[in-house]
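Features of the protein shown, as given by TrEMBL:
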TRANSMEM  25-48  transmembrane segment
DOMAIN    41-289  domain 'G-protein coupled receptors family 1 profile'
TRANSMEM  60-80  transmembrane segment
TRANSMEM  100-119  transmembrane segment
TRANSMEM  139-163  transmembrane segment
TRANSMEM  200-221  transmembrane segment
TRANSMEM  242-260  transmembrane segment
TRANSMEM  272-291  transmembrane segment
Amino acid sequence: PEPENHTLMTGFVLSGLSNHPQLQLLLFVTLCLTYTITITGNLLILVATVHPRLHTPMYFFLRVLSLLDISTASTVVPKMLVSFLSEDRSISHLGCATQLYWVIFLTATECYLLAAMAYDRYVAVCSPLRYAAIMNSRVCLSLALLACCSGNVVSVMQTAWVFTLPFCGPRKLNSFFCDIPPLLVLSCSDTFPYEAQLTLATVLVLFTPCCLILVSYTCIISSTLKMSSAEGRQKTFSTCSSHLIVVTLYYASGTLIYLRPKSSNSQDTKKFLALIYTTVVPTLNPLIYSLRNKDVQDVLSRMMADMVKK
């Protein structure tokens with residue numbers, strides 16, 4: 001290809017979420033509302049978990065999760081909202097690489113963090129007398145840092161590798177953000193070696209934590225069945241089912257996209273799956289993990305009451 005046609009020199013153009021002009025306003029309003037709910041819900045969690053009453057391992061992990069969700073949504077959604085109002089959907093080469101790095105870093109970190117949270121719940125339910133000793137502040141901080149470091153390693157490797165590929169021909173990415181599958185479609189070289197290592201990375205980032213989560217919740221459910229209190233069993237099952245629904249959405253959507261990045265799945269399907277883990281799950285997490293929690297509700301109610309009094 002001629003140098004002037006090389007994508008490294010010219011950047012990319014994002015196709016956006018939909019090519020139907022009549023849907024642009026509806027999608028803009030919907031995503032704007034979703035983004036507002038995401039930011040508001042996760043900020044409430046951050047504010048609530050600062051309260052001394054909620055200084056426990058579970059709420060420490062929820063605070064980190066909220067930071068990740070705010071960051072993930074903010075990396076993808078604002079650019080997408082601007083594209084609905086502007087005809088310019090271009091993104092520079094550096095901008096695309098930066099966005100890809102942050103999306104991979106944040107989502108990979110969240111995968112590992114969800115596994116740490118499942119382990120925390122396992123210890124709390126299955127070893128309640130040793131919980132404080134096992135899940136001390138040092139262990140919690142170490143697990144969070146390990147999740148972040150692992151996410152960073154994965155992101156640096158994937159971003160650096162995919163941007164060493166030569167991109168030729170049309171500069172249009174069939175996506176609403178810079179992601180690996182649409183970038184591979186634009187490559188004019190053999191991508192099989194990259195796809196092979198991406199499959200391995202997908203197993204390490206998605207399957208391994210997912211298996212740990214399933215094992216943790218299996219043990220939790222097994223212990224719950226031995227409880228004498230029917231109310232306790234019902235509460236635990238309700239919490240576990242809610243958590244597993246979110247985990248399933250998150251891991252399943254990522255697996256279907258990255259396990260076979262150049263599969264025959266339609267691009268519209270992949271856009272929908274990407275929308276789940278970048279936009280929908282960050283909106284659901286505060287509702288599923290925290291805002292239904294009585295302790296969080298009490299703390300927020302007291303904070304609001306104090307603000308009204310002032």
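Including glycine, each Cβ sits where the backbone N, Cα and C put it.
Heads up, TrEMBL stuff is auto-annotated, nobody curated it.
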Contact set, same chain, for the transmembrane segment (272-291): CB under 8 Å, 6 or more residues outside the stretch = 17, 31, 34-35, 37-38, 41-42, 44-45, 48-49, 62, 65-66, 69-70, 72-73, 75-77, 103, 107, 175-177, 179, 242-243, 245-246, 249-250, 253-254, 256-257, 297
Remark   = The answer for the transmembrane segment (25-48), taking Cβ pairs under 8 Å and residues 6+ beyond its ends, is 17-18, 54, 62-63, 66-67, 69-70, 73-74, 77-78, 80-81, 84-85, 279-280, 282-283, 285-287, 290-291, 296, 299-300, 303
Query = Under an 8 Å Cβ to Cβ limit, what residues of the same chain, 6 or more beyond the ends of the transmembrane segment (100-119), are close to it?
reply = 58, 61-62, 64-65, 68-69, 71-72, 75-76, 143-144, 146-148, 150-152, 154-156, 158-159, 162-163, 177-180, 183, 205-206, 208-210, 212-213, 216-217, 243, 247, 250-251, 254, 277-278
